[in-house]
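Peer 1: This is the structure I want to talk about, given as structure tokens.
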Amino acid sequence: MALSVNDCARLTGQSVPTMEHFLPLRNIWNRVRDFPRASTTAAGITWMSRYIYGYHRLMLEDLAPGAPATLRWPLYRQPPPHFLVGYQYLVRTCNDYVFDSRAYSRLRYTELSQPGHQTVNWSVMANCTYTINTGAYHRFVDMDDFQSTLTQVQQAILAERVVADLALLQPMRGFGVTRMGGRGRHLRPNSAAAAAIDARDAGQEEGEEEVPVERLMQDYYKDLRRCQNEAWGMADRLRIQQAGPKDMVLLSTIRRLKTAYFNYIISSTSARNNPDRRPLPPATVLSLPCDCDWLDAFLERFSDPVDADSLRSLGGGVPTQQLLRCIVSAVSLPHGSPPPTHNRDMTGGVFQLRPRENGRAVTETMRRRRGEMIERFVDRLPVRRRRRRVPPPPPPPEEEEGEALMEEEIEEEEEAPVAFEREVRDTVAELIRLLEEELTVSARNSQFFNFAVDFYEAMERLEALGDINESTLRRWVMYFFVAEHTATTLNYLFQRLRNYAVFARHVELNLAQVVMRARDAEGGVVYSRVWNEGGLNAFSQLMARISNDLAATVERAGRGDLQEEEIEQFMAEIAYQDNSGDVQEILRQAAVNDTEIDSVELSFRLKLTGPVVFTQRRQIQEINRRVVAFASNLRAQHQLLPARGADVPLPPLPAGPEPPLPPGARPRHRF
């Protein structure tokens, strides 16, 4: 694929004038004679890259003509003869994130030669790592009698997690410079208030330093012991942090809808479980379907932020099993299904339902008006719609309407709150689905944020089995925390490396790998897990596998080693693939006592392949020819090459044939 000057500038970090001076060329077919032989073959470029130019570091410099990095050997005030398109962008992407360490290895070059086409590609392996502190969660170490308070602990954890999943989020953005006093002192992440005070000063006084507060806050969320409850919802916070104005409105509306639905089914479930409840005051009862646009009234009544204290207080009124079903049903919107119910009374939560209105059943009326009502709701949002509104279908003919009424007469006895609640959920789900379609592509990648459903369903299964204990809760908390970090990082890499069209068009992602190493307090490896994926959807497929894998492993906590007959079933539950690491490591992870784990190291490894572009400027080609000839003569005499930036005069071009090829280089081929 042809590379434009602008694309090269974006992906190399150079300015457009620099690339215009460089004159990039991708296909050197019939242009090979313009370059020294070492500059056109994979072996020759490897030799030049390693011993002369040091491309792995040179590509990160400003290489404009006359820039400081170009003044002496081997560039002599000109850009290099090649640019590795996308390499600098990859390094910048990894550097912009909160990794503790980054390594780039196996920088290699490959040739593609066929009649009419001769190109060279570069490839590299990037390994970015950071460690999160998952050590002893205070709830499990400060309790003398854990079993007596197990239900309260479980309810508290669920309440905090649900608040994080359903509470409305507001982005927190800082601009300008933040200065903090006390150079060299340890800066704690929670010292943001002190930073705000120091930032008021007009100038920077002695003893102050500029502090990357965003980096400090990210480090804060790497430590479960310190951030405690604030760890929940980290992935969603960063998602909305990166959203534009339109996406913020849509994402906030989606969360309001999920919150309203959760509050609605909780109130309905609580009402069923308390038959002696007092009737609701008329002012709080919604009469349906008289309110044709009932969604607005629904949101107004139910979208108050989910409160942790009120959720904890539900312990006596709503069994944990039903609470979990309600959570799964709300968080999985617009997918999933409504929570099962066996109550057939005409209640519908705080809605007052009338069996028939104007000769038509309530639920059927809502169903018929659903599409038009949803369109009106979206049209009232303060955003410009990206998709054209599809007009609602025309009303059915009188004959069909009469037949429908006859069917409703027959099915009148079947009209129940089960159908009504299903219609409420179907309407909310369809509305959320439509709002997600209105999101920009960068904000629509919800596949990275659906991991919560897997964990809630795992706890639901444990609750059904009566297997909630300290071990399962500890692992549930720890793996949920790990999943938050994994989702956040994979989403970031997806946005920068796959969702950025210019990079995705020219640079191929060959392999994406996540390595999870659990370590004890001495730093020893307790177990290690590996997940690999390739292709266009590598990041989302990795997240789906990791989420399912960790959630399934929660159910094995505290059970010790797996028996032979259990291993095959467990491998099926985690959807084991051959590229998921050693089976013994997986079994060790399932059987380990999680109190031994002090930290979890997450490594994100990427193998990418991108294009090499050649210069068409004669002056750069001539300098390269003279540099290669001089370096080849030094190598032939077993002398050391000058260090990059050495004050070596530009050597003259020796007379006669070109110097011999570097080791491993192939001669030119003519087709």
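Yeah, the Cβs are placed from backbone N, Cα and C, and that goes for glycine too.
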Peer 1: Out of S313, S442, S580, report back the residue that Swiss-Prot marks as O-(5'-phospho-DNA)-serine.
Peer 2: S580
Peer 1: Motif 'Nuclear localization signal' per Swiss-Prot: which of the ranges 180-189, 380-389, 560-569 is that?
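Peer 2: So the range that Swiss-Prot calls motif 'Nuclear localization signal' is 380-389.
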Peer 1: Considering every residue in the motif 'Nuclear localization signal' (380-389), what is the mean pLDDT value?
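Peer 2: That region's mean pLDDT is 71.
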